[in-house]
């Protein structure tokens, strides 16, 4: 089991596709190098931004394998391994465990509409069947379930549940969880627009970010400045993060992020159905913001 303490800005990597919708492995490898060279603290393959739900199991395994190989332990990896099927989640989590990733990111099960007890038993089953650190992924805007703090604290009480990624934007949640459980755990926000507030008010330890695909250095600089008590520098960087986050979610993620990366790095904006590429109106929004931030 990894002993790495997980904190900082972890980029939720896009999965680049070629025009025929196959995985562009060469571009994915270059994207990882770009992230690491821009001081990102960690990487998250096969999360929401990585379009994991449209990957076959074989493709999923290849993306994780390639990320581990290219990264070569230079930064920690939290691998997405969740689904709404407990047995499938166990299968994926055992796979990422075999590659010695630093943690698995397990989403709250969606679509089935499980009860509180069902959610707990899902995480307990994955926990008990594996030996890799697990991070809860709470994103109710996609799962239609927002577990209450008591339930989250109960899940966090399991020994190898080491943290949570909370994408609600609720900066009070970390404080509430700390009151409910006597255990040190990683507190990642998944809401780019409120990441600095999550640090300042909630005691957050990091962000798993879609926006950092586009601005890894600005994002890591914000984190580093805040924890070095350089608040003005952190706020200046956060201004860019906040502005960009507003346009990168103008349409379903990761379509706007992929379009931005096509303008900055020449990466294909191709997404897999049922997602589609940006409308012309939204393309213009992204282009204008990138110009405003001097990114193109």
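Just so you know, glycine gets a Cβ as well, placed from its N, Cα and C.
Remember, it's a predicted structure, so these values are computed and weren't measured experimentally.
Among the features that Swiss-Prot reports, active site, proton donor/acceptor is placed at 137. Annotation source Swiss-Prot lists active site, schiff-base intermediate with substrate at 165. The annotation pyruvate binding site is assigned in Swiss-Prot to 49, 208. What Swiss-Prot lists as site 'Part of a proton relay during catalysis' is 48, 111, and the listing cites sequence analysis.
Structure with Swiss-Prot features highlighted.
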residue : record                                               : Cβ within 10 Å
48      : site 'Part of a proton relay during catalysis'       : 23
49      : pyruvate binding site                                : 26
111     : site 'Part of a proton relay during catalysis'       : 11
137     : active site, proton donor/acceptor                   : 26
165     : active site, schiff-base intermediate with substrate : 26
208     : pyruvate binding site                                : 30
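For residue 165 (active site, schiff-base intermediate with substrate), none of the recorded positions have C-alpha atoms inside a 10 Å radius of its own C-alpha, out of 48, 49, 111. Residue 48 (site 'Part of a proton relay during catalysis') falls outside any helix or strand according to DSSP and counts as coil. Secondary structure at residue 111 (site 'Part of a proton relay during catalysis'), as computed by DSSP, is coil. In this structure, the CA atom of residue 48 (site 'Part of a proton relay during catalysis') is 15 Å away from the CA atom of residue 111 (site 'Part of a proton relay during catalysis'). In this structure, the CA atom of residue 49 (pyruvate binding site) is 13 Å away from the CA atom of the residue listed as 'active site, proton donor/acceptor'. On a Cα basis, residue 137 (active site, proton donor/acceptor) lies 10 Å away from residue 208 (pyruvate binding site).
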